[in-house]
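Each remark here refers to the structure printed beneath this line.
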Amino acid sequence: WSPIPGSAPGRAGWSLEQPARCPWMGRMRRVLRGLSQPNILSFCEQKRMSPWSEQGSTVGLQPAAFFRGKTMLLLMFLRCFLTSGCFWVSPQKKLVEDFRELRATVERMGLLQPNHIFFILYLCHILMLDVAAWLIIWYFGASLVPFLFSAVLLGTVQAQAGWLQHDFGHLSVFSKSRWNHWVHKFVIGHLKGAPASWWNHLHFQHHAKPNCFRKDPDVNMHPLFFALGKTLSVELGVQKKKFMPYNHQHKYFFIIGPPALVPLYFQWYIFYFAVQRKQWVDLAWMLSFYIRFYLTYLPFLGVKGTLGLHLLVRFIESNWFVWVTQMNHIPMHIDYDKNVDWFSTQLQATCNVHQSFFNDWFSGHLNFQIEHHLFPTMPRHNYWKVAPLVKSLCAKHGIEYQCKPLLTAFADIVHSLKDSGELWLDAYLHK
């Protein structure tokens, strides 16, 4: 639908007279002109047009329930399919049905129900590490060894608080969304000094279309800093674009990647984000972290020492965060969105790392990245329980289920960057 000049959304004047860009658009207009809202909802369900019916089935919503009584929202939703040329139809209906059955099985097994004791203990271990870092400086003084040991503990606090806020951000701890949002603001705001709204804005896009260029913000470093994915790297070379010496990106990744992301970018951008979007509550939570941190360590370390400690903690956190989050995605398929079904979209963009007590703790259970992406609201302590079921479904449909050792996963990041850089160079010079 395109608005008739002078009309406003939600009022009379909206038209179906947009010129067709493909045969599907004309067909859709002819069908929808004569349908009432209930019939449109039925049409959506039949044609699998809603991300909640297939690609978003993990959130447990259906289009008929979601759009009932929301006529204008429904019209705006359908409009995106007209303007994009056609709507999505599942190419693998059997796979989609099997995943729906798996989802129902997961619910029957109670795997979406959290263990609150697990999360309470997890939060307590973070707070204990935070207190221990201060006690070391208080008791042993500000000499080099206590300073470094305290920085390591505080870096661990930041990394582990990052995994915990991730749980609350995914609404996987409490049954009520409001409670998850409240605690999420405390953990990411007061314990980490970042805005919850910023995380939500980026992370939900990532889960909807992982490794899809221009839809997943996590791959926005292509092409300004890195050439990612085989297809995109070749395309960049053919277009003779060179923002960086991509054939050396597996080397400068160690400079501008893990060490620099948090202290040189996130650390400052989050303030711009909160102010620019007027997220004053988030900004207040962020400031509470900085006030607490500097008031706690200034008496012992002074201004320069406290600032140095803060930057060192961010440096440790940044390395930890980048290696863990990118080991599951950068080595995987990165391309434009192909509008495939939810299950295939997640499996081609994610891989797992072997389970162990250390790997689970070190990565915040994101070593089960496949299960996390398939069931984003599932509490992390249940990933290992659903993993065999996901493996079986992959084997049934001939889909690769990748799982590797931790160090191999780290090395694959570098290898994939080297491979895509070489593909770019070959296309740049010879195509």
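Each residue's number is its place along the chain shown, starting with 1.
Glycine is treated like the rest: Cβ placed from N, Cα and C.
The following features are taken from TrEMBL:
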- 71-90: transmembrane segment (TRANSMEM)
- 111-129: transmembrane segment (TRANSMEM)
- 135-157: transmembrane segment (TRANSMEM)
- 146-403: domain 'Fatty acid desaturase' (DOMAIN)
- 252-274: transmembrane segment (TRANSMEM)
- 294-313: transmembrane segment (TRANSMEM)
Intrachain residues whose Cβ lies under 8 Å of the transmembrane segment (111-129), provided they are six or more past its termini: 153-154, 156-157, 160-161, 164, 167, 172-174, 187, 191, 375, 377-379, 381-382, 385-386
Integer mean pLDDT for the domain 'Fatty acid desaturase' (146-403): 96
Positions on the same chain near the transmembrane segment (252-274), where near means CB under 8 A and six or more residues out: 193-195, 197-198, 201, 225-226, 244-245, 280, 282-283, 286, 311, 314-315, 317-319, 321-323, 326, 413-414, 417
